[in-house]
Number of protein chains: 4
Amino acid sequence: MSRPADTVGRLLVRCPDRFGIVAAVSSFLSASGANILSLDQHATATYGGTYFQRTEFALPSRDLDGLRAAFASDVARHFGMDFTVTDAAAPKRIGVLVSKSDHCLLDLLWRTQRGELDVEVAVVISNHPDLAPAVGSFGVPFVHVPVTPETKPEAEARQAELLAGVDLVVLARYMQIVSGSLLAAVGSPMINIHHSFLPAFVGAVPYRQAKERGVKLVGATAHYVTEELDQGPIIEQDVVRVNHRHSAADLTRLGADVERSVLSRAVRWHCEDRVMRDGNTTVVL
Amino acid sequence: MSRPADTVGRLLVRCPDRFGIVAAVSSFLSASGANILSLDQHATATYGGTYFQRTEFALPSRDLDGLRAAFASDVARHFGMDFTVTDAAAPKRIGVLVSKSDHCLLDLLWRTQRGELDVEVAVVISNHPDLAPAVGSFGVPFVHVPVTPETKPEAEARQAELLAGVDLVVLARYMQIVSGSLLAAVGSPMINIHHSFLPAFVGAVPYRQAKERGVKLVGATAHYVTEELDQGPIIEQDVVRVNHRHSAADLTRLGADVERSVLSRAVRWHCEDRVMRDGNTTVVL
Amino acid sequence: MSRPADTVGRLLVRCPDRFGIVAAVSSFLSASGANILSLDQHATATYGGTYFQRTEFALPSRDLDGLRAAFASDVARHFGMDFTVTDAAAPKRIGVLVSKSDHCLLDLLWRTQRGELDVEVAVVISNHPDLAPAVGSFGVPFVHVPVTPETKPEAEARQAELLAGVDLVVLARYMQIVSGSLLAAVGSPMINIHHSFLPAFVGAVPYRQAKERGVKLVGATAHYVTEELDQGPIIEQDVVRVNHRHSAADLTRLGADVERSVLSRAVRWHCEDRVMRDGNTTVVL
Amino acid sequence: MSRPADTVGRLLVRCPDRFGIVAAVSSFLSASGANILSLDQHATATYGGTYFQRTEFALPSRDLDGLRAAFASDVARHFGMDFTVTDAAAPKRIGVLVSKSDHCLLDLLWRTQRGELDVEVAVVISNHPDLAPAVGSFGVPFVHVPVTPETKPEAEARQAELLAGVDLVVLARYMQIVSGSLLAAVGSPMINIHHSFLPAFVGAVPYRQAKERGVKLVGATAHYVTEELDQGPIIEQDVVRVNHRHSAADLTRLGADVERSVLSRAVRWHCEDRVMRDGNTTVVL
């Protein structure tokens, strides 16, 4: 239980699995005056795996910094933990990269506006000017950064500058390859929406490939961006049923609905501190 | 983590929500030498709700009885908890009531045979003799107990006798109303599969009603049996898409696939000690 | 096959089922120089049922009026057919009634803008002023018509005036009951989105009822409006999985996504002349 | 409409698309005294594509052979049609190849027994003896044909002999590669169930690959067998949601349910003469 005056915090923990972790964490929180609101954990194997835990707690003292420091010395060191402590009330700041397709972008902006997605959209950057008016009507900054093969380094430098300090970058149907140097320069995690049910149909024209292969379902995949194109850890996927009557254009239209809902769920989970990486896969707690 | 020699136990807890429950339970387990394998909990409200927790743990000492007694005095009393401690390795004994339809029954027997469902089917009781050979081929006892309006009390007495000592009764398309006195005489929980998406289409002919109403999805509902027909706590539901071409017979056929998968999931979850009642609803941990 | 210069027409037919309808219709079209692009039909029973057929055809002569007149005298009279002939290239004019919730309305406007929904939104009428800016940004007329118990007759008269001549009225989460006299005054079909999986949870607070009943799926239903509240012919339904963790507010949020996609599909199918009424049910061809 | 005494026939047609096909076919049937019960068609392109049509009709004269001959000379020749005329009342004879997994096989046998699948299972052939008792309890012939690398040619010769004259071969989790020469020797179409959502995870261990890639859905694909492994025309696919908690063994268990339902649907559609090949894809009418 929590009272309105409490700070609600989230503790994410990753460490080698061993005896007594839940007890150690919950006793620490209890001794710190924090009350556990929810707790979810996962161990990747019965022996010798990796242990993941997400704990939400109410903290009447409101002193998250003190708690973080105490946890580091009292618990994390002993178990060899990676951990983060975040304030649930602090919305994540996100930057969005987009090209011409509006469906994923508008869905994010609209869910943010109606309070479904607890984020602050710091900036939308596009390599095309087309979506400026739509973004403007939400009161969100829009920056047009053209990208050509020749200007890509300068363009990425500008993007990195605009994205400095965001907590998350969302590629909402951004049709350019993000270089390893942009990834490194930004530093924050990036989530991409791929318009296929990965690992089927990697590459740029999945709906055409899907039509040619004659599949009976098409899908979308939200994943973290890594240097290997279309190979990053998958956060969420979904599909929709199609048949021989659907043209590649129909698949594109039907897929758009799946893309926007898959991306929205992935962004929501990431921003609620639910997604932890486990090698090239994810644990969603 | 657990070692092969450990006993794996499951602790289910329900109590008024208050500060420190997770810490108290996990510290108790830790102090008892038990290692937490998984922990899931739920509070029904931010303040003053009911708290539910399911914890799986490995116990090297293998002394579940000792642990149960210690938990009662050391933790449960203090928090006013209802709780159970079960041995994960002990399959639940179930009794099945069935009429003429075989699909739900065969699915349960087949999943049990292939090890998907960790139960021991103690007896199958039917008011018709038709399914005796099918049940026999699984090596499971089948008893024909005819039911007529006149003989219902004697029939239920016989059923109660046959079901004495089972952990769970499954009504796998049993087309008779179970009386309150049979419920009381058996004592164990009963799970029924209703062939509609409750609360739509209560009663005996849901597919015909569904066809008449022109719904575009039909479904099935697994719920605990209470004295109020079709009103007990829902454990699981699912649906399948239908259209104007489907006759009431088609709905029955399509629905049968949903019924058997919904019932199997509900029985599995119950037998894994995942389902706790919360008034007339369920918490599935 | 069709050539770009052809008019594409749609012929909808309903009549008592009898021998030779497909042959009569297709021979008529063939003799009229029309080429059949698609044909779908349905008979409600093996004997003595009602027959429904939807045929799309390409007409090089472009003379739909002539074809309609000829069909009436040459085919429809003989078979006792109700029929319509429409021009596939002529978008339906729709009027929308809405209250404060924006999700269904915005989805319709956005799909129309991106060309997914081939309609012309003639007017949006709301009993609240809140959505005026959002509608305005799509360049669509918005009219605020307040409704109170006292002013309902005048309000409905004003609504009828604004809706005169539309092909379809869409109730996109309009939280007022539409009277039989408004239905009659408007004359066009009306499609409503109900925020539950009808016939479960009729009435105004389905998500609260769903939470109380503890269902594991919530849904939405698009149906034609009749004088009997929530009882009209169902066009489309869908559901989303929920669990004990979801509050009534969560159900509302999750349901909103289902509502908008169900309503969009129903409006699309209606506007493509795919939906025919069969008593209190629909045939979607 | 049809009368009980009528023969119900199915006419499948494939030809280059051109003007007047529906009219020609339906006029022919009408002139032959046949009444159309259902008609579905598909053209792969607006111009110059391939045209597919499936027509079910009632034939009071019961003379399907005469109708077939007349159709060949009166209609098919003119339009350059491939076509078949089948008797809807004649169940297809199928042979099943299987290894050790029982779920797909039992589902086919059980649906056949309860009348859901209108087929006659002529023989079940396995490279292992394990499933003999299960198959025997359905009264279906079971033949054990061991396959080793050395004996494969002889084994396939024996399989071809046993499968002579069947209308369809179903590979119900048969873990051997079917050679081109067996395909040719049998001559009938073969349907395979692949335990992944093709084209993702081709090969023999898809669930392990799925676990490693961290996908959030696993699926199954029913497809016609061609000489290229896992590359044949897809008939049906479906998926089930999974998460980080599911082991590769869990994926196997969850996938088994999808496999059996996908395979059953594909076999049903094939045996109802609904599936036509279009290059390496299928049209399901």
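Placement of Cβ uses the backbone N, Cα and C atoms for every residue, glycine included.
Pulled from TrEMBL, these are the features on record:
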| type | residues | note |
| --- | --- | --- |
| ACT_SITE | C:Asp230 | active site |
| DOMAIN | C:10-93 | domain 'ACT' |
Exercise. Under the DSSP assignment, what numbers of helix, strand and coil residues are found in the domain 'ACT' (C:10-93)?
Worked result: 27 helix, 34 strand, 23 coil
For this session: Would you count the other CB atoms within 10 A of the CB of C:Asp230 (active site), including those on all shown protein chains?
Result: 18
Exercise. What does DSSP say about the residue listed as 'active site': helix, strand or coil?
Worked result: coil
Seminar exercise, completed: For the domain 'ACT' (C:10-93), the averaged pLDDT of the predicted model is 94
